[in-house]
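Visitor: Just lifted these from TrEMBL, have a look:
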ACT_SITE  C427  active site, nucleophile
BINDING   Q304, Y333, E357, D400  S-adenosyl-L-methionine binding site
DOMAIN    33-97  domain 'TRAM'
REGION    1-36  region 'Disordered'
Amino acid sequence: MSDAVRASDPSTPEERPEHTSAPAPAGEPTESAEPAGPAVDLTAELTVGKAAHGGHFVARHEGRVVFVRHALPGERVRVRFTETDDAASFWRADVVEVLEASPARVAHPWPLADALKAAARGRAAVGGAEFGHIALDEQRRLKGAVFEEQLSRLASVDRPVTVEPAPGEAPDGLGWRTRAAFAVDRAGRLAMHLHRSHDVVPVREMPLAVAAVNDLRLWTLELTGIERVDVAVPSGGGEPLVLLVPAARASPRRVAAVASSIVGASVGVLDPESGQVRRLTGRTWLQESVLGLDYRVTGAGFWQIHRGAPEALVTAVLDGLRPAAGDHLADLYAGAGLFTVPLARAVGPEGSVLSVEGSPGTSRDAKRNLHGSEHVSIVQGRVDAVLGRWAEPLDGVLLDPPRAGAGRKVVRQIVEARPRVVGYVSCDPASFARDLGYFLAAGWSLDTLRVFDLYPHTHHMESFARLTPPA
């Protein structure tokens, strides 16, 4: 999935127009912007069990399931309940004190996201590094276990999963984010949202981000009149792009003053509703390069967040699909053409690629990136609608859907197209496992599965699967 960020939780992959949250498996929590009810001043001591999908850990309190954040299996902790609706099937809680620590617990690299330090200050942690208290090797082991459970529960597949680090990953798992979104507090300071809250706290560092984001020192600026600040840096390095979302009644003069205070970056104004970017200084797009292929991505467009993610995923896709000259392929949920470009090169002018993307702006990026490739058809629209009217044969299909997954209808359409291979890139193990179940029910097989840790210190992960039809 192509990613940017949300100011409310910088670990969360951004939603495309076709995105909705995938239904959580039975007994597991779904996320929302705000708690279902007000946080309550109620604490308890709990023994923590296994990791659950969504970054939680399972515990029980007086016979009720509690999904706990910032814990580890086997720990004895004191928690503060954040949701205690008696009608709910589960409660939520945050760790505020560790009574018996796991050997895998380490010092958190980001104080604002450290639940224990936040609790000592009487607030919640910011989103974006909910696994920061866990040693990296253990983070990956837990992610693999969660993925295995989703496969078993939703697709009836029992398969061991090893989570691979991204290429060139730093030993501490920091400095990987090429995109970040910030809020602005009432005092005009750069800020971030507390987890699942509209409340914000000022921020003076973003340890998960590449150095170019922190080097801008945006926290030193007076940002009154600005509601949100998005920052994007090319994966291979280069000048950052800062996008400002003005507050409702901010004057153009005030926005221009903020823009002039930003040094070392291009600056634009973003309309969050339309996704349109108006240039103030520099340019409104980034130049990306992956395995020798060049891409132009608008500042509000979709691109993988981790600096090593594009290379890792393109390599996995090419190894899995094995495209050959003359093949006819489809790239669904194609974004700016991250995969379309190398697939088009592989099949050559005697082959063809259908590239489908729902976002108008991102589809325009794809058209620029495939300019001159007459054997590529770039279509902006819903995937199910495009597939419903596509009559040409397909040798292979690649899909990289949003967190909600492709769904039963799109899977059925792919199966009916009778390709010889399908590649499935996913950022959510639950929706992937559900869709995998649909393929398996149609007689397809799971040949290859690779899972990547492209979001260190968070519960998120990315995967690639190769699927083949019945003989």
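Positions of Cβ are set from backbone N, Cα and C atoms, glycine also.
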Visitor: Among the binding-site residues Q304, Y333, E357, report those whose Cα falls within 10 Å of that of C427 (active site, nucleophile); none is a fine answer.
Guide: none
Visitor: Could you tally the C-beta atoms, other than its own, that fall within 10 angstroms of the C-beta of the residue listed as 'active site, nucleophile'?
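Guide: Around the residue listed as 'active site, nucleophile', other Cβ atoms within 10 Å: 24.
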Visitor: For the domain 'TRAM' (33-97), give the DSSP counts of helix residues, strand residues and coil residues.
Guide: 0 helix, 35 strand, 30 coil
Visitor: Got a sec? Which of these binding-site residues, E357, D400, has the most Cβ atoms within 10 Å?
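Guide: Of the binding-site residues E357, D400, the most buried by Cβ count within 10 Å is E357.
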Visitor: What does DSSP assign Y333 (S-adenosyl-L-methionine binding site), in three states?
Guide: coil
Visitor: Helix, strand or coil: which one is E357 (S-adenosyl-L-methionine binding site) in, per DSSP?
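Guide: In three-state terms, E357 (S-adenosyl-L-methionine binding site) counts as strand.
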Visitor: I'd like the number of other C-beta atoms within 10 A of the C-beta of Q304 (S-adenosyl-L-methionine binding site), please.
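Guide: Neighbour count, Cβ to Cβ under the 10 Å cut-off: 28.
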